[in-house]
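Working notes, beginning with the structure itself.
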Amino acid sequence: MVLELLKNNYERNDEHYYNEKVENNTSKHKKKKKKKKKHILVEESEKYDRNIDSENNEEAYNAYELIKTKPNNIYEEKYDFSFQNLDKKCLREKNNMRESYRNSKDIIQYGTNENDIFTEDMLENDNFDDDSFVEDDTMDYKTYNSYTKPEFNLFSKYSTESKKKNIMNNKKHSKIEDFYKKYKNNSEYSKQANEHDASIIQFLNNNKKSVDCGKMKDINFKKNDSQNYSESNKYKNEFFKNYNYDNKYTNNYAHDNNQDSNSYYYADENEPKDNHEEDNDTGDTYADNEEDEDNRDDNDDYSQYNQCEVESDTNQIRPNEKRYNESIKHINDSNLKINKELLLKRETYTKRDNIFYIKKDIIPYKKEHNNNRFSLYDSSKNNNEHNNNYEIKFMNYKKDSEKEGEQWLKNIKKEKDEEFLKKYMYENALKKTHSSKDLQFNRLDDEKNILHHDINVDNKMVRLDKYERSNIRDMRNKTNKCNMLRHDTAEFNKIRRKDEINNYSEYANKCLAGNIYEEDDSYILKRNELGHKELKVIDNPILNINPDDKKKPNIKSFLDKIKYRKNNELFLKNEHEKYVGIQETNKKDKIKMKFADILHTKNFSNFFHRGKNSIAKSLSPNNDKKNTSFNNEVFNLNILGKNDKNSDYKQYNINCSPYDHENTSFHPSVREETKYYENKESRKRLDYNCDEDNYIENSIQRYHENNIDYNSINIERTINLREDIKYNEFLNKPDKINSENFSNNFNDNKQKSLKNDDSNKIRDTNKLYYHDHLENTMRSNYIQKEYTEKISDILESNSNNMRKFINKMDYYTKKYEQNLYKNDEDIYTKENKFPDSRKEFYNKSDSPMKVTDGIKDSQYENYNRIKYKLKMKQEKQDKEDETDINIDKKLSRKMIENNKLKEENESNDELIVTPFYIKSKIDKVLKNSEIFERSARATFKQFDVKNKNFLHFSEIESLIQKLCYNLELPPVDKKILSIVYKDYDSSKNNCMNYMDFRQMYWDLLKQIKKKYYPTKNFKIKRNCIISRKKLQGYDYSSIYNYLSFKKILGCGAFGEVHLVEDNICKLYKVVKILKKKKMKNIKVNEEINVLIYLDHPNIIKIFDVYESVNCTYIVMELCEGGELMNKIKKPQIFSETYIKNIMFQILCAIAYMHSNNIAHKDLKPENILFKTDGYDTLKIIDFGLAELINKSEGISKTAAGTVLYMAPEVFKKKFTIKCDIWSAGVIMYFLFTKSLPFTGNTYEEVKQNIFNSEPDYQFLKLKMSKPALHLLKLMLEKDYSRRPMAAVLLHHPWFQGYFDPIDILPSTLNNIKSYMKHSNIRNVIVNIMAHELCVINNHVKYINDIFLKIDSNHNGSLSHREIYNVLSNAGVKKWDINRIIQALDVNDKGCITYTEFIAGCYRWKNIDSTFLKAAFNKIDKDEDGYISKSDLATLVHDNGVNNKDIENFFISVHSIKKNITKDKKINKISFEDFKDYMLSTF
């Protein structure tokens, strides 16, 4: 009890303790005078007002008492104790610390200075009364987080003369700094600079920075060229792309040799590169986004200058761009000159040469130029980026044609060949009736290339559309034009053989004829089909042949000329025959036009028959001839296509897409639907529907709605129902239902039998419709029966594909709907409906179906029964969906409620007074004499109610009780208080005056502070526990002094991992060796700094770091349980409870990292290890890609990680720390299903799946509970703004069991209470031992579980409030709680870390001596085998540490020995002495 201390320390020598100290210190104060005035308070403030050794304060106060009696002017001039001389810089530092305690866990981030001692400014609370510790009950006693006026100045009430001097000096100093700072290229200061300053900055940047850059680069820096790109860059400049002609894609990710085959690492291509060369090593997962520390200072100016200049120069054309534009313009000018010559030659010649040219985009990475497909009508794929002219040759395909190309190009340029070509082309032109038609020549601007003959190129095969060609006169209005130019064939014609001449000339004649109704429109295509050959496009650019070569005699060309002349007569005969055939087809076209008009009158539905008459076929809407008239296209019902019997297209495979028929080499030939108008249903359509065009439009719409799955084609081909004789008998019956009007694969496969069947003729139109309907029903029933029997085997073997096929076969359900109702009820989907036509038919009173009422009733009953079942299934599914939605809402609401409850608990107004708040309040009163005087006088007046200027014992008793309550002290013993009262009462008549009370009040506060709220002068930072040593020399010999290598555990591109044994403490550990030569651009220190700072039970610990010239050695804890991936690969199925435990630990570690703004960026099962085989404690490793994301921005652009686990926003290179949540969701999916949710064979395929696909959540309902599924959906949310943080997810109802009340074992409470009784230096040593504690047993696992449960906000550290709640529920007194909290918080940071918590809770009594040896070696910095005072000062990196505390520690160590007296000075401690002392304290 404090009063007992006062009683024992009080000495009755006619003067009180307080006044006695005044006399003793008066002489000391006179000697120092101004020196103490200037320096004492400054020294105290530089220690953040934490030095509570009150000797200096007492001296200052005593001086104040002595000088108080002097005149006022003397006091004001010479002695100023109002603390106005406190350094302004310290004031700013204190103000910066305001509210730091309330949000200490959020503010203390990675990289902060841990030397800063936590302090509390009491004036942050405007309601706090500095003058009293014993406020009235009506006063609000605020807690540490109730600060409202951080701007309030502590010393604003006092004189400011010396403060003004400091302010003026600081202003002068700041002006000088700002003057130089202004001309530094600082983006933050640039916002405050005026225009004049900006011009100066720009001048300095343009001169100094460029010179520095030139020196660094060893080049002359060019003006207006602020950014230099290397040849390896993706783009050469801002406007023109540099294509990769070798590879189609660039490899943006590297495969690590250490990782699984499916792990790919993706790095940002646009990250800034270092200025030095890199080794071409691959395989590691590091992503370097900054320059090395060695080059950072040198490159800073250059990088800033470039960054400043890029924006200003974006609109300027750089020299390399000018050269590129000039080369383009030169090519354009040359092409323009050639085309001008062509125009001149066109005027001189009356003959026409039909040369085709193609304008085509250059795709460098596709090397299939020689097999292209082109279309005369499709203009959607034109692109004017590259206007190179190419010549098309139509030739019979031969494999050896490419070998003779170069030689042939030389031979065809001869004059004699040209004259011959001119002759026969002139003769051909004379035969044409439409020779007067001149096609348009397109000329573009002078800066662009001239478009000669534009034929759009699609794919590998040549394709000419016969159905969408328009009139030649209208072709000049389209983009794709086939213009025939008159020009010199000696320069541009490259015809090789007789067959090529025939093909080319015949096609040219057809084009010149311009008759779009002729039958042989695609003459070349048919010629190709007959010869089983293909057309070929040669994309060789036009070569300018040297004119001197034309004059040289060439024997070969002469022989070719004779050969051509011999064949000329046969050629002319063929041309004449074709011309006669054209005239005949013109007559047929006129007849076609007449019957096409008749067709639209809707009066001749019975005109068509099954004969082979060509006129009848030409009138059929499904005829394979073209029926276009003046650009009015006829809809092709058989859009699926059918193989032409004379083509090699029969082996073509149709892909699973409704539009794949458009990608074939030719348009699919139209099926001859001879039964189109012969059935009753068709006639009914013509009679009752409005017109044919509307019906066709409806057919198109229904076709697109059906979205047929074309995989059914292969299934039906497998069945091959055409060979079924019984089926052919039914096919002979001409009746068809309405769905037959649609082209489907089922009918297409039977078309051959339909064509060969002579019995398919027009039926008598007078037959009753109900007979047709009965026959149709029998036919469909039988077909369906046979069909279902034959596909049963396929259904068994490929059920999933068949299910998808049936779901999409709308045309199938329409055609055989009635029969399907009877045979197979389970394959229906929601799209099955009773046909509208059949409903209307039943509703008609005069329907002939009245004759067959029995059949109708049975069918209708079946329909109602199936409809009812479908309705019930739909209702059940709707209920399940509604239940899922309600559960999701309920779970989300519950998670939000849990988080709100957590926030309310943190911000409630209960009076939970933390020890730091009380300590800071006591420190403020004891450090400032004037504040103490005010506090003592206010307390005295508060209890002197009658203003009698003295206090009775009863009043003193009430005062002490109130003081103990506010400062959370034990209750007062009345007997001891009466003794103390008598000792301090100088009047001896039960009347204590103010002077006596002031002395007692001073002594009482000092004793309270010493026992209950002591100051910790010996503090250790975490980076002091992890030692970093530099090894001497280039060899590895020195590392063997510390570690013994046992075996290699793994190796990668940048280093190796070994199992080692510590030579000193004999503990097994793991060392990661990183070779510096292979890691020039990867900062090893980033990973080391992150691991040093992070302290969590689920994150790997590091012990030591050794650095040599060649390598860096990182010593980490050993995890013997192996990777999580190894357990996933095993066939064992995990229970949901097991997965929940794993996910809880992962999310706890993620929440801790995110609270410190650290993103791991490479979470995957390979980077999650089990500590031991017997326990499921996890450790997250490999922080090589970890990044500290700025809290203000919250966005990173350094994309890195393993592709299979990367979040969608990482691919966009704009992501937050929530990318780790996505990776955890993928791991959770992996644990439940043993498969990844997003896979692919290539990087691009995986990327597209991540962006576009969703996991099969319906399948997951069978494998996990609904809360688990809801949590998984939240984690795999593609929009990261809607993806919750890890701390929020940990309050999800799935983790409800982890929120149960925490019961702390009595043994653990005893360990904590014993821990609080020892000195701070001893507890620091125990913390070092706790860090070296790398074993996992039941006791350690229990402590880990308690730590995670106490951490209610899941930020990885325990606040004083969280500890207070748990210990108070355990029955610990609040004054003991304050002492426990202060003992656990070794560094006074305001929160308790994992290592500090385990140091106080662990049972150290039976600890192995190896951990004591490890702690001893950490303290023994000079490695001489002894702990000296200098070693302790070096350990805390503070040479000014209080020597008194260290001396007390040395005395305590040697006091356990009987032979050593306390008076003997001891300067060293051996390991044996250290061991005996530590074991005695446990």
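Glycine is no exception: its Cβ is also placed from the backbone N, Cα and C atoms.
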Where Swiss-Prot places region 'Disordered' among the ranges 13-34, 739-760: 739-760
Tertiary contacts of the domain 'EF-hand 4' (1376-1406) (same chain, 6+ residues out, Cβ under 8 Å): 100-101, 104-105, 108, 114, 117-118, 914-916, 918-919, 968, 1012-1014, 1016, 1019-1022, 1095-1097, 1307-1308, 1311-1313, 1315-1318, 1320, 1323-1324, 1326-1327, 1329-1331, 1333, 1339-1340, 1343, 1346-1347, 1356-1360, 1363-1364, 1367-1368, 1479, 1482
By Cα-Cα distance, the member of binding-site residues Asn989, Asp996, Asn1355 nearest Asp1420 (Ca(2+) 3 binding site): Asn1355
Nearest of the binding-site residues (Ser987, Cys991, Asp1351, Glu1362) to Gly1055 (ATP binding site), judged by Cα-Cα distance: Asp1351
Shortest C-alpha distance to Asp1431 (Ca(2+) 3 binding site) - which of the recorded positions Leu1049, Val1057, Asp1162: Val1057
Helix-strand-coil residue split for the domain 'EF-hand 4' (1376-1406), DSSP-based: 17 helix, 2 strand, 12 coil
Recorded positions compared (Asp985, Asp1162, Glu1362, Asp1420, Asp1422) - the one with the fewest other Cβ atoms within 10 Å: Asp1422
Shell list (Ca(2+) 1; ref centroid = CB of Asp985, Ser987, Asn989, Cys991, Asp996; cutoff 8 A): Phe950, Ser986, Lys988, Asn990, Met992, Asn993
Nearest recorded site to Asn1355 (Ca(2+) 2 binding site) by CA-CA distance, among binding-site residues Ser987, Val1057, Asp1424: Val1057
When distances run from the Cα of Asp1424 (Ca(2+) 3 binding site) to each of the binding-site residues Ser987, Asp1351, Ser1357, Glu1362, the nearest one: Ser1357
Binding-site residues (Asp996, Asp1351, Asp1424, Asp1431), the one with most neighbouring Cβ atoms at 10 Å: Asp1351
For Asn1353 (Ca(2+) 2 binding site), the number of other Cβ atoms found within 10 Å of its own Cβ: 22
Stretch-averaged pLDDT - the domain 'EF-hand 2' (972-1007): 86
Closest of Val1057, Asp1162, Asp1351, Asp1422, Tyr1426 to Asp996 (Ca(2+) 1 binding site), Cα positions, recorded positions only: Asp1351
